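Engineer: Pulled these from TrEMBL:
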type	residues	note
DOMAIN	22-286	domain 'G-protein coupled receptors family 1 profile'
TRANSMEM	12-33	transmembrane segment
TRANSMEM	90-110	transmembrane segment
TRANSMEM	130-150	transmembrane segment
TRANSMEM	187-208	transmembrane segment
TRANSMEM	236-260	transmembrane segment
TRANSMEM	266-286	transmembrane segment
Amino acid sequence: MASRDLALGVVYSSQTVLGVLGNFSLLHHYLFLYFTGGRLRSTDLVVEHLIVANFLSLLSKGVPQAMAAFGLRPFLNDIGCKLVFYVHRVGRGVSISTTCLLSVFQVITISPRNSRWAKLKQKAPKYTGFSVFLCWILHMQVNIIFPMYVTGKWNNTNITMQKDLGYCSGVSHNKITQSLHAALLSFPDVFCVGLMLWASGSMVFILFRHQQQVQHIHKNNLSHRSSPESRATHSILVLVSTFVSSYILSCLFQVCVALFDNPSILLVNTSALIGMCFPTACPFILMSRVHSEPGLCFAWIKI
């Protein structure tokens, strides 16, 4: 085994383990609140589904990449490759959609009573479950065509039309059909990213106006502790910023992989590493929204 492959295997394994532990710690917190009758926000259901989507993204991408880097190739047949890539696409898509829902719901939550969003404050929590369910259904249906472009390395048919994706192979189809499918797959992602950017801008504007309005109060008040809504908004802004930056980088590398007939294994591995950054960092950013002490997030380790 080459030292480069060994290093990649260690990086993939470390990133996957760190992300799984972080998401499990956050999920443990919400399960603890649920079974003990603790107070749950209306957006906590969205966060829980975001955690599940992160699990799917990490396990379906990190584990196969680590196994391939350690020299266990080819270990997936045609059906296995299609299933792994499909699960990863669904998990990735739901991560985008639920992060978008978080940002939109937070804009509604912190909006002033005299704004146009005031009427939605009472209605929004009622549609949380339906919105999350719609995200899963949408991405499960849209990405059903994605396995057409993936095959196992054991499948030697049309070998000249295949490209190396590490532990599986990519299959090239008609350019027009491929472009239409790429547009269909990209439209929900682009829409969600645009909505996130708009929601982030709205949150920054609302927080700025609120800070100006209460500035004179802070001068006469010794306590400058921010409100729970403000802390939640800041954490979601950091979450969205992290997601958008990693998503743009990941898209650039994925486009390069799709355009090149024989992409280098370094390009494929870099694209996978960047794609795993958000589900790994996500739980640690969201832990700032938890009102308990940070050490309690990892209390399950002591049990």
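From the backbone N, Cα and C atoms, a Cβ is placed for every residue, glycine too.
Nobody curates TrEMBL annotations by hand; they come from automatic prediction.
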Engineer: Restricting to CB pairs under 8 Å, which listed stretch, 12-33, 90-110, 187-208, 236-260, is in contact most with the transmembrane segment (266-286)?
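Structural biologist: Looking only at 12-33, 90-110, 187-208, 236-260, the most contacts with the transmembrane segment (266-286) come from 236-260.
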Engineer: Ranking 12-33, 187-208, 236-260 by the number of C-beta pairs under 8 Å to the transmembrane segment (90-110), which range is first?
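Structural biologist: Between the candidates 12-33, 187-208, 236-260, the best contact partner of the transmembrane segment (90-110) is 187-208.
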Engineer: Using a Cβ cut-off under 8 Å, which residues of the same chain at least 6 positions beyond either end of the transmembrane segment (187-208) come close to it?
Structural biologist: 93, 96-97, 99-100, 103-104, 106-107, 110-112, 138-139, 142, 230, 233, 236-237, 240-241, 243-244, 247, 251
